[in-house]
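A short write-up of the structure that comes next.
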Amino acid sequence: MRVALYPGTFDPITLGHVDIIRRAAALVDKLVIGVAINRDKGPLFTLEERVAMIEAECAALSAETGTEIVAHPFENLLIDCARDVGAQIIVRGLRAVADFEYEFQMVGMNRALDDSVETVFLMADARRQAIASKLVKEIARLGGDVSKFVPPRVNDALKERLGRA
């Protein structure tokens with residue numbers, strides 16, 4: 001069974017993330033969405049809320065692709081999380097050259113820790129390259145419309161959280 005891990009903070013999940021999930025799911029038998037617990041980032045949504053948003057989006061994707069897709073919170077090293085969930089592959093999305101430089105370093109470190117886990121990069125769809133959770137939150141905080149960047153449920157959650165419902 002081919003198992004892949006797609007890690008991120010997903011605060012919140014965006015249409016860019018959903019696109020990568022859809023495409024990654026087509027490549028494996030099981031896709032684990034690793035929801036990082038990163039206290040340094042000070043997330044807008046709790047871990048439970050982020051997991052619930054991911055699960056809501058992935059239910060339809062799982063049915064569409066025939067791939068098992070599950071959310072899995074983690075707080076340890078990425079490579080340890082990959083081992084914990086039985087993943088042979090780590091999936092990363094790339095939007096721009098700046099993403100590549102960071103990811104290149106991460107691949108090197110992960111390989112040094114465990115060279116049996118492969119990293120696969122999926123380029124962001126051209127329509128989604130500018131989307132970043134950080135920017136989505138900033139636009140939403142300032143009263144902008146983020147409905148083009150996030151799933152409808154997430155848009156509603158942002159409005160509610162930021163008092164714009």
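Using N, Cα and C of the backbone, Cβ positions are placed for all residues, glycine too.
Substrate is bound by Thr9, Lys41, Leu78 in Swiss-Prot, and the record lists one more residue there from Arg2, Arg22, Arg92, which is Arg92.
Counting every protein chain shown, 16 other Cβ atoms lie within 10 Å of the Cβ of Glu103 (ATP binding site). Per Cα geometry, Arg92 is the residue among the binding-site residues Lys41, Leu78, Arg92 nearest to His17 (ATP binding site).
Neighbour counts of Cβ atoms within 10 Å were taken for the binding-site residues Leu78, Leu94, Ile131; the minimum is at Leu94. Each of the binding-site residues His17, Lys41, Arg92 was assessed for Cβ neighbours inside 10 Å, and the highest tally belongs to His17. Between the two most distant C-alpha atoms of the annotated ATP binders (Thr9, Phe10, His17, Gly93, Leu94, Arg95, Glu103, Arg128, Gln129, Ala130, Ile131, Ala132, Ser133, Lys134) there are 18 Å. In the three-state DSSP classification, Arg92 (substrate binding site) falls within a strand.
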